[in-house]
Structures are given as C-alpha cells and as structure tokens.
Amino acid sequence: MTVLERPATLPTPALGPAPSRRAGRRRRRAVYVPLVVIAVAFLIPLVWLVSISLNDDAGLASGSLLPKTLHWSNYRDAVTLIPFGRYAVTSLLLAGVHAVLATLSSAMVGFGFARLRARGKGVLFMIVIATMMVPAIVTLIPTYLIFARIGLVYTYWPWVLWGLGGSAFLIFLFRQAFSAMPSDLEDAAIIDGCGWMRMFVSVFLPLAKAPCLAGFILTFTGGWADFISPSLFLSNDQTTLAVGLSAGYTTPAGTPLYTTLAAGAVLYILPVLVIFLVLQRGFVNGFVTSGMK
C-alpha cells in the first residue's frame with residue numbers, strides 16, 4: 001500500500017488594496033485637504049481676536065500673536081464698562097421675536113405657494129423671489145420715513161412688523177420643502193375635513209421641523225448681528241449689543257480700548273456660535289429636505 005504525498009502548496013501573496021479603493025482615498029484626500037485649508041483660514045481671525053482679548057496694550061503694540069500673560073480682566077471690563085447685560089437681553093429678545101415671527105409667517109406663505117391652486121401664483125412667486133435682488137440698504141430710508149410718520153421710531157414694533165412680513169429666502173425655502181411632500185397627505189387631510197389652515201398647522205408644519213430650524217437659525221443670526229437698524233430705530237438706552245460694543249469701550253480722552261473691545265466681541269459671538277454648533281445637524285437637514293444641496 002503506497003501513500004501519495006500531497007504536493008506542497010505555495011503561499012498566496014497578500015493582495016494589496018484594490019485600485020478602486022486607492023482611487024477613493026485619493027478623491028477623499030483631494031476633497032478634505034482644501035476643506036481643511038479653508039477652515040484654518042477662517043479660524044485665523046477668530047484665534048487672533050481671542051489672542052487680542054487676552055493681551056494688554058504693550059503686547060498688542062509689539063504685534064505678538066500669543067500674549068505673554070493672560071489678562072482675563074479684559075473680560076471683566078467688557079462686562080462692567082457698558083450695560084452689557086441689558087444690551088444682550090435686548091438683542092436676544094429682538095432677534096428671537098423676529099426669528100420666530102419671520103419663520104412662521106414665511107412657512108405659511110411658502111405653504112400657500114406650494115399647495116394652494118390659484119391663478120397668477122407663479123407670477124406672484126417670481127415677484128417675491130425678485131425682491132431678494134434688492135439690497136436692504138435701498139429700502140432703509142423709505143422704511144425709516146414710514147415708521148417715523150406713524151410713530152414707531154424708538155420702539156420695538158419695527159422688529160415685530162418685519163417678522164410678520166416674512167423673508168423672501170425663507171418663503172422660497174419652505175415652498176421647496178412643502179412641494180417635496182407627498183400629495184397623499186393633502187388628500188387625506190381633505191377627506192378628514194381639514195381646511196387649509198388646519199392642514200398647514202396640523203399636517204404639514206410638524207413635518208417641516210428641519211426647515212423651520214434652519215430658517216430660525218438664519219434669521220436669528222441676522223437679527224443678532226444687525227447694526228444699522230438698531231442705530232436708526234432705537235435710542236441709546238434701548239439699543240442692542242452690536243451698537244453698544246461699537247461706542248462703549250473708550251477712555252475718558254476718547255482713546256479706544258482695543259483689548260477690551262476684543263473681549264466684548266468674543267462674548268458677543270459666543271451665543272451664535274453655541275447655537276450653531278448645537279443645532280448644526282438640523283440646520284443642514286433643513287436645506288437637504290428642501291431640495292437645496
């Protein structure tokens with residue numbers, strides 16, 4: 001009886017990454033590297049601002065980016081030299097009320113353009129979109145004259161009226177979002193006896209949480225950063241934080257306190273930065289669900 005010996009098998013060489021995998025890595029690298037460079041470029045002014053806020057006049061004059069000693073007293077001065085808390089509360093209330101009203105009113109108008117059937121709806125929508133091409137500074141003087149004539153200057157009513165008037169961009173955003181929703185929702189609501197307003201409030205608006213969040217963030221940041229409108233329509237005691245920061249940090253001789261101003265600017269941008277970082281997922285989803293990628 002003979003035993004057949006099995007032939008020795010050669011070891012299989014290890015396979016390298018597939019060409020498609022290598023190509024995918026190169027593509028990702030080609031995308032991520034420019035994005036990192038752009039992100040660093042945008043972060044440089046913010047880092048510089050924080051550095052100035054922790055510096056003193058001597059370090060600022062020397063031009064050094066990193067302060068030798070951290071002067072946290074600049075933040076204390078930024079809060080105490082002006083009524084920082086009152087200005088911040090005013091900014092928060094005006095920006096918040098305007099953002100809520102503008103988001104809701106724009107959602108209502110966008111729903112009408114998306115779902116209601118009316119003659120001339122397309123032409124009216126194009127007119128609304130065309131108003132986005134008009135710079136806001138062009139309408140500022142006529143708006144001031146109108147509000148002055150009806151006695152609304154030095155009051156907070158202009159922000160309420162602007163909010164009720166909505167935003168052309170938000171109307172477009174909501175129109176895209178409501179148009180993308182299935183028509184079965186509308187048919188089912190009509191069968192259940194819903195009117196258009198109840199259909200909007202009970203059916204479509206709860207499904208548009210992401211566009212509502214995106215619209216609120218955009219409008220709130222715009223209202224928080226607004227400088228011209230509070231300068232024109234509010235008195236010094238009623239003004240917002242943006243206006244208060246611009247003129248409050250000076251010596252009795254009128255010399256600007258740059259380090260204190262930088263500290264105030266850091267505190268000024270913190271709320272918006274925190275809101276965006278916390279709600280950025282919903283902010284992005286608001287544009288994705290509206291078909292705006």
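Quick reminder: no glycine exception, Cβ is built from N, Cα and C everywhere.
Here TrEMBL flags 7-21 as compositional bias 'Low complexity'.
According to TrEMBL, the domain 'ABC transmembrane type-1' annotation covers 88-279.
What TrEMBL records for 1-21 is region 'Disordered'.
Long-range contacts of the transmembrane segment (30-50) within its own chain (CB-CB distance under 8 A, at least 6 residues past either end) are made by residues 65, 262, 265-266. The transmembrane segment feature in TrEMBL is assigned to 30-50 (among others).
Positions annotated as transmembrane segment by TrEMBL: 87-111 (among others).
If you look up TrEMBL, you'll see 123-147 (among others) marked as transmembrane segment.
Look at TrEMBL and you will find 159-178 (among others) tagged as transmembrane segment.
The feature transmembrane segment is assigned by TrEMBL to 199-225 (among others).
TrEMBL lists 257-279 (among others) with the feature transmembrane segment.
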Beyond the flanks of the transmembrane segment (199-225) by at least 6 residues, Cβ under 8 Å: 91-92, 94-96, 98-100, 102-103, 106-108, 111, 115, 159, 167, 169-170, 173-174, 177-178, 181, 185-186, 189-190, 242, 271-272, 275-276, 279, 282-283, 285-290
Chain residues in Cβ proximity to the transmembrane segment (123-147) (below 8 Å; excluding those fewer than six residues from its ends, i.e. six or more beyond): 109, 113, 153, 157-158, 168-169, 171-172, 175, 228-229, 232-233
